[in-house]
Amino acid sequence: MPNWGGGVKCGACEKTVYHAEEIQCNGRSFHKTCFLCMACRKALDSTTVAAHESEIYCKTCYGRKYGPKGIGFGQGAGCLSTDTGDHLGLNLRQGSPKPPRPSTPTNPSKFAKMMVDVDKCPRCGKSVYAAEKIMGGGKPWHKTCFRCAICGKSLESTNVTDKDGELYCKVCYAKNFGPKGIGFGGLTQVEKKE
């Protein structure tokens, strides 16, 4: 059939696209106003378009429809997206449908167990949460409790030593538990016998 409209046809609306309003993508021409995501209808440009065969999508909808699925494959680092794309008309569910989740929790004490299993600080005996946890001597400590038991100096991984479940700075540890005698800093003078 001859092309009586005088130009190429839009990939979305099938009407003639004139040069001044033309956007080309994947070998097809579109009106600027027709260059929209096929799922969410968001306006596209050269940086946001993702083409699949004769379909054009924004990168988000393309990823939902054709991207990898499962844990670790989301919109950002470490993300698990539970968006199925149903509100956009995307049928992303593959395989057999999952059985419905039970309405009552299978383990009602899960939250209570999680709260009971919180580590306790050996110095103050209070719960130590992840945001304030420092490990020393194989035990979790609060940042404020991570101090020398003798002088109270704040400790770091480079100057901490532990003995019998307690933390010490290297100076206090050497004075109290280190070797004694000449040459070890304990005696400054040799006593003369008369």
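Every residue gets a Cβ built from N, Cα and C, even glycine.
All annotation found in TrEMBL is predicted automatically rather than curated by experts.
What you are looking at is a predicted structure, and each value in this text was computed from that prediction instead of being measured.
Features as listed in TrEMBL:
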- 8-68: domain 'LIM zinc-binding' (DOMAIN)
- 119-179: domain 'LIM zinc-binding' (DOMAIN)
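Across the domain 'LIM zinc-binding' (8-68), the prediction's mean pLDDT works out to 86. DSSP labels the residues of the domain 'LIM zinc-binding' (8-68) in these numbers: 14 helix, 23 strand, 24 coil. Per DSSP, the domain 'LIM zinc-binding' (119-179) is made up of 11 helix, 22 strand, 28 coil.
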